[in-house]
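Shown next, in structure tokens, is the structure this report addresses.
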Amino acid sequence: MSLCPGWAGPLTVEKPRPNPITAAWPRPRPHGDPTPPEDLSAAVWSLVPALYAPCASRGWCCSGWPRLETPECLSTRPLLGPFLAGRAVGHGGVKELFSSLGVECNVLELDQVDDGAKVQEVLSEITNQKTVPNVFVNKVHVGGCDQTFQAYQSGLLQKLLQEDSAYDYDLIIVGGGSGGLSCAKEAAILGKKVMVLDFVVPSPQGTSWGLGGTCVNVGCIPKKLMHQAALLGQALCDSRKFGWEYNQQVKHNWETMTKAIQNHISSLNWGYRLSLREKAVAYVNSYGEFVEHHKIKATNKKGQETYYTAAQFVIATGERPRYLGIQGDKEYCITSDDLFSLPYCPGKTLVVGASYVALECAGFLAGFGLDVTVMVRSILLRGFDQEMAEKVGSYMEQHGVKFLRKFIPVMIQQLEKGSPGKLKVLAKSTEGTETIEGVYNTVLLAIGRDSCTRKMGLEKIGVKINEKSGKIPVNDVEQTSVPYVYAVGDVSEGKPELTPVAIQSGKLLARRLFGASLEKCDYINVPTTVFTPLEYGCCGLAEEKAIEVYKKENLEIYHTLFWPLEWTVAGRENNTCYAKIICNKLDHDRVIGFHILGPNAGEVTQGFAAAMKCGLTKQLLDDTIGIHPTCGEVFTTLEITKSSGLDITQKGC
Amino acid sequence: MAAMAVALRGLGGRFRWRTQAVAGGVRGAARGAAAGQRDYDLLVIGGGSGGLACAKEAAQLGRKVAVVDYVEPSPQGTRWGLGGTCVNVGCIPKKLMHQAALLGGLIQDAPHYGWEVAQPVPHDWRKMAEAVQNHVKSLNWGHRVQLQDRKVKYFNIKASFVDEHTVCGVAKGGKEILLSADHIIIATGGRPRYPTHIEGALEYGITSDDIFWLKESPGKTLVVGASYVALECAGFLTGIGLDTTVMIRSIPLRGFDQQMSSMVIEHMASHGTQFLRGCAPSRVRRLPDGHLQVTWEDCTTGKEDTGTFDTVLWAIGRVPDTRSLNLEKAGVDTSPDTQKILVDSREGTSVPHIYAIGDVVEGRPELTPTAIMAGRLLVQRLFGGSSDLMDYDNVPTTVFTPLEYGCVGLSEEEAVARHGQEHVEVYHAHYKPLEFTVAGRDASQCYVKMVCLREPPQLVLGLHFLGPNAGEVTQGFALGIKCGASYAQVMRTVGIHPTCSEEVVKLRISKRSGLDPTVTGC
């Protein structure tokens, strides 16, 4: 319960929308106590860019207040000192609190200005707070009465009341991955003084890397390149059928590939350093740890400590692979942190886990001709459409990857040292008492990832984390429980763990923080692709999830198997590639789930994701002309519904 | 069985035909048979993509349908089976040969990725051609089976109109048959144009009708023309290691965005295809050693030059297959310039119950999926109670040149012409596909541009994508444009990393800004 619930209902003032720049509200009141500061409206609008981004959810920018996005209207003076929007009948003592701190408070009485309703609406959009008073200090949203008093008690309020210039930096970003860097660069472009703290704690196997985070160093980039290497192996097989003539026996050289990939990564690391330098972002290769409000300790490789302060912080430290916590795991197993720069071919490999990381790695290793086994505790690709996941798995199985289902490792022993050595893996059944033993050259753990939040002093400044997952809960403007601290990327709770998501949210966050835009990051219908040997692209809901949300009877699912033209002459299997869309019958057969299993799934999915943003329906799919001959065109001719039970196998063409 | 009084002219074929007709249970028709007594509800002339789609759709709606299809051998004597241009001498074989060429590129990439392949790897045309031709033949067979399954009567005869409801068909042996139908759809497509005014063109030159069916490698080839057919053929010929030259009189890829077109050419030129720009051939002669000597004129200087080739491929355009149809007997109007059939928005010709779809129609995009959709919609209107018209706007397409070019919507020129320079905003980017980095490939021509209206919300007018898998990339965005996507909506779409298509949703640099559109980092 709020101390002062205030006014939460809509005001009934109905007026044409004002031009925010020229609008004359609040009008000078005929009589009344402290005259509102000169042009308070401008002051409110100066808050808006920092926090408010209605486009994503309401589309206001485009229709209602189109000029909000233009720089002129945002170049109003920054509103220093506290600002309080409320109603004339009372402010729950907040005003008095500020007076007691010797600070003058700007007050906007919403019930006494024209268009107060609009302001109210804007403020609740900005802050997710429907009640008044709504308190800001130096452009940071503090909250209502309760929060303001809490902030006072914790000392945060006093901190916030200090001038911005009291800090070394406008923004310090902890973590130099996709999200952190995009946020840093954007903030720097907007003229802010920005620092990035990035430090890679070496993996238990001693692997470490340069600037750029997971995606560049131990994620998307090297994995897609290794996936490409494996696809080339397939292309070599195909090419004979297409008339290319060469020796049947083609060997794969791990070292050559890895060196080439690592060279590319080094160039990317360097590129990031360069672009930070160009944009005058301070880059410090040190580990960041909060020590008090607005203050962070940076420890470098040599153990030297330096302290920096900033008005605002962004946490973008991402995640690292999880270990099993069994005997021998940290000593002998590797993870995706190590695999891509492994100086020797991993040989016979056991991949533990069924995450997309596990399946992608198993896929390309098998593609190089290695003996690969995947040990799966329960289901494949948790969170993804399970029909698709099983198809991904069965394609891999048909192409030489062995699966050990319902087993978990209990002990790893080293039999022989070497590059690679020999490891004995003892595993037990998840269902009975059965145990099995296997000998592998390499054991790769891909059982999940843990966020890097526990050793960075978040508790010292009161940033709440989810105790179980370690993730940081944020609101829809990426703000943590501490108003001046934000989190983007894999470390933030409930957000898709994807590079482009982190980049987008980081960039938009910087724009909102520093007044260039109001747009929030839209996390709906985020497309993604799993780069298994047969790629799986998707956007929107999994079938299970769709059924859970909309009920089976309200859905129509269209699907088909297809045979890519390039596969025909290559003599590759028919009735393997699969396309599926899930439509909501109650909403004009709107497409709420898009799934494709086939070559170039990523390239295919992207455009459909854009179309889903625009409200794609089955009718529109039917009305769109295919591009012949492609795989993507299959979605323009989907006819068979799953509920009909009709045969979807392809005969002939 | 009175209707069995088939009006047959060829005596030789008479008996055999009668037996066939009885076995098939087909009724012949007397000339001028009245409605209800005609042989078929629907007669489709032309067994290509559009025609077959019509026939199958009508059969599915319970109608009595016949398809007549006949492939007039090319001047070089090449012929093929059921399925039309796309299946036999178009999309299918060309994409497969394009794929063969792409695989050649991948073989060169492979060592960078650790595959120990000794270079260079030779290519065997015969092996590829046989594989491609076998696949095409299996598709021919598939089409036959599909027609059979749907009880569509198929005649391998050359058709011409006798009157507005009756068609006379001549089979290979010369035997004739009359078929009558309530509705007739003309879907005879087009065939490559020969420059008959050029000496030796017909005798020594081949076209896309022949190239895919060559048993032996075409060797050193001169491709004449700047159509997408010309560039695609030249692209895969170069890609499989043949010495290839393209002769272009004026602009490449007329009708396509010209910036993109010139980049397509640029890419091909930097990958071994030779270009003779501003030149026109004047004669082709066979030398005593069997090679072909081509003489051409430089259109600006007027200077003549010659070159020797093994093969000369004409790809200067296509003409509609309407001449032998006797359209005037039925009263179907054609364009005097192009000889293409004139139709309205319901695909109706000047004769109420005669329709035309596909490449044979004036002013339609010459694309397989367009013909198929137009055909199906037409039949649904005829027999399915539908009133849906075909929407020919925003038809996406892809040119399968070595670096593929996918597009949908307006070209930049067209957008400017329609809306004015000051109302058009073009966002663009030069990007580098991730796979190119390790392979050490040049990505100078990997480029994407989106043509939008300048006024918010910046409606997307056109998308142009040059890069690997352009077809796959373009398809989904075509839907977006169909949905009326704005620039803002596309930008709010999260990318799929790392792909080429994500570059589309990352377009931030406008041409107007003059900023460097090169994508850096990831």
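Cβ from N, Cα, C; glycine included.
All protein chains shown were included, and the count of other CB atoms within 10 Å of the CB of B:CYS86 (disulfide bond) stands at 25. TrEMBL lists B:CYS86-B:CYS91 with the feature disulfide bond.
Other C-beta atoms found within 10 angstroms of the C-beta of B:LYS95 (FAD binding site) number 22, with every protein chain shown included. Sequence annotations record features per position, and here TrEMBL assigns FAD binding site to B:LYS95, B:ASP359.
Residues or ranges marked as domain 'Pyridine nucleotide-disulphide oxidoreductase dimerisation' by TrEMBL: B:395-506.
Its own atom aside, the Cβ of B:HIS497 (active site, proton acceptor) has 24 Cβ atoms within 10 angstroms in the protein chains shown. According to TrEMBL, the feature active site, proton acceptor maps to B:HIS497.
Around the Cβ of B:ASP359 (FAD binding site), a 10 Å sphere holds 30 further Cβ atoms from the protein chains shown.
Considering only the recorded positions B:CYS86, B:CYS91, B:HIS497, B:ASP359 (FAD binding site) has B:CYS86 as its nearest partner by CA-CA distance.
A Cα-Cα distance of 27 Å separates B:HIS497 (active site, proton acceptor) from B:LYS95 (FAD binding site). The secondary structure of B:LYS95 (FAD binding site), as reduced to three states from DSSP, is helical.
When the alpha carbons of B:LYS95 (FAD binding site) and B:CYS86 (disulfide bond) are compared, the span between them is 10 angstrom. The Cβ of B:CYS91 (disulfide bond) has 21 other Cβ atoms within 10 Å, all protein chains considered. Proximity to chain A (CB-CB distance below 8 Å) holds for B:CYS86, B:CYS91, B:LYS95, B:HIS497 among the recorded positions B:CYS86, B:CYS91, B:LYS95, B:ASP359, B:HIS497.
Across the range of the domain 'Pyridine nucleotide-disulphide oxidoreductase dimerisation' (B:395-506), the DSSP-based residue counts are 40 helix, 31 strand, 41 coil.
Regional average pLDDT for the domain 'Pyridine nucleotide-disulphide oxidoreductase dimerisation' (B:395-506) in the model is 96.
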